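Undergrad: Sharing a structure below in structure tokens format, with a few things to ask.
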Amino acid sequence: GHGVEWTYSEGMLDEAHWPLEYPKCGGRRQSPIDLQMKKVQYNPSLRALNLTGYGLWHGEFPVTNNGHTVQISLPSTMSMTTSDGTQYLAKQMHFHWGGASSEISGSEHTVDGMRYVIEIHVVHYNSKYNSYEEAQKEPDGLAVLAALVEVKDYTENAYYSKFISHLEDIRYAGQSTVLRGLDIEDMLPGDLRYYYSYLGSLTTPPCTENVHWFVVADTVKLSKTQVEKLENSLLNHQNKTIQNDYRRTQPLNHRVVEANFMSRPHQEYTLASKLHFYLNNIDQTLEYLRRFIEQKIPKRKKQENWP
């Protein structure tokens, strides 16, 4: 193992320095990316993703706080067949979120520069390999089904109640619990027909460039309370709250992003949402500045009083 634990924004191995320990993180097909509608290539021949075994399953789902995120282990009876007929078996599902200030969103992929509140990743491996461990070393080994979360004045999303209520059982890094009877399909967007597709990488070290990404156009809706629970329940290895556990968007470098829809379905561009978007961007920028300054200032005493 590596002596130093990687992080997003603190210490020796923050995301700017990942490539020093994990060279692939400095590669040319990294994830996440900004999905720019004007550059996306429309490909109507991309068929809907075929999900099998994603519905209610009464078995056990181990859930772990791994110090970076909360991870749900998935049974290999869950699989996804993509448009070209490749079958991928599910391995685990995890989340990326913000929360370092009330307005900070934490999705990894952005759409036309807009960052969503949370991003959900369901990680799969190519069924032609015997295990995830084997597949993760292969060039066509992995696929991630990604979904973005919106929060407005939504009522509680009942499909997330059980999961969120058990976060307190895994407050500390390394803790695990077991959930019974989850419906993963219900935890995903209602409409899975439309998606963006591109070739990228894992968004955490070792950042291997063998991931076929499928980012669903439709979103998951959570209530503000649910989002705040996720943002404030878990502690990392330093016993600090896990927040802003997302990687910044990476250069596209001549890759092509395809989508099987023409424009973003039912996205209302109200003045309010535009304003929210700009405020959010300002907030993001301030947060990056804060991170940057925090690293440049010599550590006198523990700066616990930062905002």
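Cβ coordinates are placed from backbone N, Cα and C, and glycine is handled just like the others.
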Undergrad: Would you identify which residue of His121, His124 Swiss-Prot lists as part of the Zn(2+) site it also attributes to His94, His96?
TA: His121
Undergrad: Using the structure shown, find which entry in His94, His96, His121 (the binding-site residues) has the sparsest Cβ neighbourhood within 10 Å.
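TA: Comparing Cβ neighbours within 10 Å for the binding-site residues His94, His96, His121, His94 has the fewest.
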Undergrad: In the same chain, which residues outside the set His94, His96, His121 have their CB within 8 A of the centroid of the CB atoms that define the Zn(2+) site?
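TA: Residues close to the Zn(2+) site, other than His94, His96, His121: Thr69, Met93, Phe95, Glu108, Glu119, Ile120, Ala146, Thr203.
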Undergrad: Report, as a single number, how many Cβ atoms besides its own are within 10 Å of the Cβ of His68 (active site, proton donor/acceptor).
TA: 20
Undergrad: Mean pLDDT across the domain 'Alpha-carbonic anhydrase' (4-261), rounded to an integer, is what?
TA: 96
